[in-house]
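S.K.: Can you read through this structure? Questions will come right after.
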Amino acid sequence: MNPLLELLDVHRTYQIGETTVNALRGVSLTIDRGEFVAIMGASGSGKSSLLQILGLLDNPDKGEFKILGNNVNTLSEDEQAGVRNNVAGFVFQQFHLLKRMTIVDNVRLPHIYSGLKGDFRQEAIARLKLVGLEERIDHTPNQLSGGEQQRVAIARALVRDPLIIFADEPTGNLDSKNSAEIMKIFTALHEEGKTIIMVTHENDIAAYACRVIIMKDGLIVSDERKAEMQPSRAVTGESAFDISGSGKGSIWQDGRFTGFMAQAFQSILANKMRTFLSVLGIFVGVASVIAMMALGEGAKSAMQEQLKSMGSNMLSIRGGSAKIRGAAQGAGAVARFSFNDVNDIASLGKLVKNASGVVNGSARIVYGNKNWSSTLTGVGFDYGTMRASIPAIGRWFTREEIQIREKSAIIGVTVVKEIFGSSNPIGKTIKINRINFKVIGIAPAKGFSGPQDEDDVVIIPVTTAMYRVLGKDYLSSIFVEVASPGLMGQAKTAITELIRKKHRLEEGDDSFNIRDMTEIQKMLSSTTQTMSLLLGSIAAISLLVGGIGIMNIMLVSVTERTREIGLRKAIGARKNDIMLQFLIESVGMTISGGLIGVFAGVGISLILAFFAGWAVKTSLLSVVLATTFSALIGVFFGLWPARKAAALKPVEALRYE
């Protein structure tokens, strides 16, 4: 039968600064199942180093270490963690209980890393009953005495029913009464067949063991078995265990992820102020992203409405002072357009879809005791569809009304507000420059175009404006709707040639200009997109700052919880388990801040809309992007602290001061 533990010529060397310490120098040792072994020696003798290697908390530099005949030197760090979870139970001088957890949760902690499904609460309670603490299961460690805390640690060591109990100075922080109670528990466990390996420097404690090993300067100088205390006879036959380690299945299938989630959120809630400050950075960042993007989307929507009002594929032709070879001509040398020009342009075959003459002026509007100065625009029949000006309330002019110079008017919403207030203006008679007009429609709201209010307008038939109101015999401009965007260049060239030919203008005569509304639309759209990107970038920077804050907090948390990490590794946590738990904590904080920030961002954008009078639009895309980005920030900025935590060696973490 193979011995339970076997060391062959084991060496262990530590480098402390420039000093080399030979903790173990060629130690050979066998321990059988059922033995109760006490390892003694002065400080620096190597007794703790020997226990750490036997418990797979540390690895030898040289020599062989076997468990039940299996060489464990070649196992990976994760495989050794699995063996510790299956085979070993640890009791430490400092207890190493997690203060934020109840004692029953402390006891069942090793099961989280076992890869086994289940709650295991009843099993943990049974172990607490074994050490006499069944009445204290929902207490926290700081509500217990030192002796009670050590009994909780023993219950935790027993919960996985290990082959071996490793006890490192288990009574070092206890008085004589509590020490005796703890040793009675160890004695009872030994009688039941447990193998116990204990480090102590007290002779009265070592007296409970059936075998005492004394070390000095990294060597075993004495190894005595007490004749009257033989190894427990309760253990018979060979035992096997999963030497490859536990918990190798999917964390989703074996229930580990649920345990990690619970552990992570317990840690988050344990430091409420720190968590609040960490979440605050993400909250501000996400709220800024949502609010800024809502403002950007609102501006974009408003701009789109204005662009829509301009019409698509539109050319605007206006007359102006002639310039021949750069020299301005007199006022008489001005290209003035007539209805014949409109008809000629409209007849340009496949290039032009519609054309409308427009005349502009000012209007003094009077209704009852109300009067208002506004812009007067005379338009043709096709203008309504070309410039998206067909009234939502009322109707557009008929061709006959334009031909007979009918005194009908369509007024903008600003005029309605100033003249009629909340009453319906349709069918009412108003005076425009002292001439009676019947209101037949309300123009669609278009908002502001720069400083100009596009809704402060009165639209009448172009013939009426020219011959009844303004006394003009020429048009102010001609609007042309080109058949398709691809024909804009050809249409401009054809119209230019047509006007020059008809008005007998020289080649270099620029007494008229043609403005491409599509180019204006592109420019405005580009400006809006740039503004949205700028606002989003500013908000994203604040989100990144919040992420850096999360990383700082997590790095501090790793340092503060170094011993906790060491404990988790001692009871079977693998590197990925530790890393995942810290990642869950960082992502949990960022997602929490992100979700709160989403609601706050929507609220802030609505408040801005209310006070500034600027429409905002919160899109689902911005919400999804902000929330997803906050989660990614949790992963990105939490990865370094998580990797740092996972890289800690269990023995180094446990003795961290």
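Cβ coordinates are placed from backbone N, Cα and C, and glycine is handled just like the others.
Worth saying up front: this structure is predicted, and the values here are computed from it rather than measured.
Checked Swiss-Prot, it gives:
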{"type": "DOMAIN", "residues": "5-242", "note": "domain 'ABC transporter'"}
{"type": "BINDING", "residues": "G41, A42, S43, G44, S45, G46, K47, S48", "note": "ATP binding site"}
{"type": "TRANSMEM", "residues": "276-296", "note": "transmembrane segment"}
{"type": "TRANSMEM", "residues": "538-558", "note": "transmembrane segment"}
{"type": "TRANSMEM", "residues": "596-616", "note": "transmembrane segment"}
{"type": "TRANSMEM", "residues": "620-640", "note": "transmembrane segment"}
S.K.: If you take the centroid of the Cβ atoms of G41, A42, S43, G44, S45, G46, K47, S48, the listed ATP site, which other residues of that chain have their Cβ within 8 Å of it?
M.R.: S49, M215, K216
S.K.: Taking a Cβ cut-off under 8 Å, which residues six or more beyond the ends of the transmembrane segment (538-558) line up next to it in the same chain?
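M.R.: Distal contacts: 267, 271, 274, 277-278, 280-286, 288-289, 291-293, 565, 582, 585-586, 589-590, 593, 626, 629-630, 633-634, 636-638, 640-642, 644-645.
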S.K.: For the transmembrane segment (276-296), what are the same-chain contacts with Cβ under 8 Å, counting residues 6+ beyond its ends?
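M.R.: Result: 528, 531-532, 535-536, 538-540, 542-547, 549-550, 553, 589-590, 592-594, 596-598, 600-602, 604-605, 608, 614, 616-619, 622-623, 625-627, 629-630, 633.
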S.K.: Minimum Cβ neighbour count within 10 Å among the binding-site residues G41, G44, G46: which residue?
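M.R.: So among G41, G44, G46, the binding-site residues given, the one with the fewest Cβ atoms within 10 Å is G44.
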S.K.: Would you count the other C-beta atoms found within 10 angstroms of the C-beta of S43 (ATP binding site) for me?
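M.R.: By my count, 7.
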S.K.: Identify, in sequence order, the residues in the chain of A42 (ATP binding site) that are 6 or more apart from it along the sequence and have a CB within less than 8 Å of its CB; answer 'none' if there are none.
M.R.: H201, K216
S.K.: Let me know how many other Cβ atoms fall within 10 Å of the Cβ of S48 (ATP binding site).
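M.R.: Step by step: centre on the Cβ of S48 (ATP binding site), count other Cβ atoms within 10 Å, giving 22.
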S.K.: For S45, K47, listed as binding-site residues, tell me which one has the smallest number of other Cβ atoms within 10 Å.
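M.R.: Each of the binding-site residues S45, K47 was scored; lowest Cβ tally within 10 Å is S45.
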S.K.: Take the domain 'ABC transporter' (5-242) and average the pLDDT across it for me.
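M.R.: Per the prediction, mean pLDDT sits at 88 for the domain 'ABC transporter' (5-242).
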